[in-house]
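Record features (TrEMBL):
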type	residues	note
TRANSMEM	21-44	transmembrane segment
DOMAIN	31-482	domain 'Major facilitator superfamily (MFS) profile'
TRANSMEM	85-104	transmembrane segment
TRANSMEM	116-135	transmembrane segment
TRANSMEM	141-162	transmembrane segment
TRANSMEM	174-196	transmembrane segment
TRANSMEM	202-225	transmembrane segment
TRANSMEM	289-313	transmembrane segment
TRANSMEM	325-347	transmembrane segment
TRANSMEM	354-374	transmembrane segment
TRANSMEM	386-410	transmembrane segment
TRANSMEM	431-451	transmembrane segment
TRANSMEM	457-478	transmembrane segment
Amino acid sequence: MAGRGKVLDIKTLGGSNKNGGGSLTPSVLMICIVAASAGLIFGYDIGVSGGVTTMEPFLKKFFPSVLLKMHDAHQNQYCIFDSQILTAFTSSLYITGLVSSLLAGHVTTATGRKGILIIGGAVFLLGTVLNAVAMDVKMLIFGRLLLGVGIGFTNQAAPIYLSEMAPPKWRGALNTAFQLFIGAGVVLASLINLMAAHLGDIGWRVSLGCAAIPAAIMTVGSMFIPDTPSSLIQRGRVQEARKSLNQVRGVDSDTEAELNEMISHNEAAKADNRQPYKVIFERRHRPQLVLAAAIPSFQQFTGINVVAFYGPVMFRSIGISSDGALIAAIILTVVNTASTLVSTFAVDRFGRRLLFFEAGVQMIVTQVALAWILASELGTAGTATFSQGAAITVLVLMCSLSAAFGWSWGPLTWLVPVEILPMEIRPAGQGIGVACNFLFTFILAQVFATILCHMKYGVFLFYAAWVFIMTVLVALFIPETKGISLESMDTIWQDHWFWNRYVDVEKYIPSP
């Protein structure tokens, strides 16, 4: 991958402005694919968790009380999987993920984005081995905790890497590749779950152990890609930064101008000589801090990860067979992954805000419809028979929910925060954002089965209300970032009706 890439003159995507140029080279494309593959391990874990918790050999070995409820014909269908220890298996990963994502914000200063990807992949591989050979619940959950460390590192580093490597015009499309790989990981896990379900007592071990495949691909691949120019400049390695920038921009780009702009921003940040985790809490960075924390937090209130974690569980709960539940989950994940491609082609053409708005309306309507059908079929007792027609309708509506998420809150959660964060606080801000995402993922994953048991069909009304609130907040507080270079991003705040009171652009943005 050494040397400058040959330029592909592709101009079918994205808007343009004075900051929005840049060509897509084969080199930057391949490098970003490798970095985005970090999403594979996150997606695989999301997909595998819900599947193995429907496998009877897995439940018999670790959660026998849940298995007994599954076979109880008089059991309330909403409450079959209401087990705190079972949900701890799913959600424990996010505790260590939260801590490690904050730690990664510090470590990346010394190791760079590339180093964080490699460390995260190696720790994830270790956790995978422990899960595959687990003999008791303690060993199982300890392995999950190690997986969390790995995912915390990679989720912090990969979106930053993609945003810093991509040309401004292509940043949205290339950054959405991370969410695309998350979806691909979920699909892969769902397919393996379906096959492993027929392997008897070792099926769940195969499902959990196969997480090593995407982890190995990402870890080994990361060893052969360059670090980002911004990261190299922060560590004083300017010549390596120049080489990295030449490699990904191509021979027709003015890399020296872009490099000098990065150096100017870095020198201004170094002159401050304070820790990024302190600087980010200053008033002048209030817009970036609030949005970098709020957007990843709000993602969990769409309800989508609950569908991903517990999709097979929910389909079992409405009376679909084990194989049928896994097949339905595969359909959901394929729809979600395909819809991410819509975002890839639309985000740089139509902007971020339009995708948020359209998806908000679609998710609200879909979740209200899901609540109505569940209320009509299962009522509040949860013991009625769920008709085949109603089950198919639920699947279609959940596909609509997955599609809307796939082209909005899925990819944009990993794109917008890293776009708006200045270089000097980008690792810290992304660390905080990922930590917030993991915190609310943990809370909602831990309590969802209990909420479903008590709120029943009302759980979808709960999420619909949150999506409405979030869509209004997007309209009020998130400015459009399409086509603006990372180094010029601070200028969006001075024209915003609310955030302009916090930002003095003339004072804090160095002259080119």
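Here the Cβ of each residue, glycine as well, is placed from N, Cα and C on the backbone.
In TrEMBL, annotation is done automatically, which means it is predicted and not curated.
Contact count against the transmembrane segment (386-410) (Cβ pairs under 8 Å) is highest for 174-196, out of 174-196, 202-225, 457-478. Using a cut-off of 8 Å between Cβ atoms, the transmembrane segment (174-196) and the transmembrane segment (354-374) share fewer than three residue pairs, counting only pairs 6 or more apart in sequence. Remote same-chain partners of the transmembrane segment (457-478), defined as residues 6 or more beyond its termini with a Cβ less than 8 Å from a stretch Cβ, comprise 290-291, 294-295, 298, 301-303, 306, 352-353, 356-357, 360-361, 363-364, 367-368, 370-372, 374-375, 378, 416, 448, 451, 498-499. By the Cβ criterion (distance under 8 Å, sequence gap of 6 or more), the transmembrane segment (202-225) is counted as touching the transmembrane segment (116-135), at least 3 such pairs being found. Long-range contacts of the transmembrane segment (431-451) within the same chain, counting only residues at least 6 positions beyond its ends with a Cβ under 8 Å from a Cβ of the stretch, are 81-84, 86-88, 90-91, 94-95, 97-99, 101-106, 148, 152, 155-156, 280, 289, 292-297, 299-301, 305-306, 309-310, 313, 413, 417, 459, 462. The transmembrane segment (85-104) makes no contact with the transmembrane segment (325-347), as judged by fewer than three Cβ pairs under 8 Å among residues 6 or more apart in sequence. Across all of the domain 'Major facilitator superfamily (MFS) profile' (31-482), the predicted model scores a mean pLDDT of 86.
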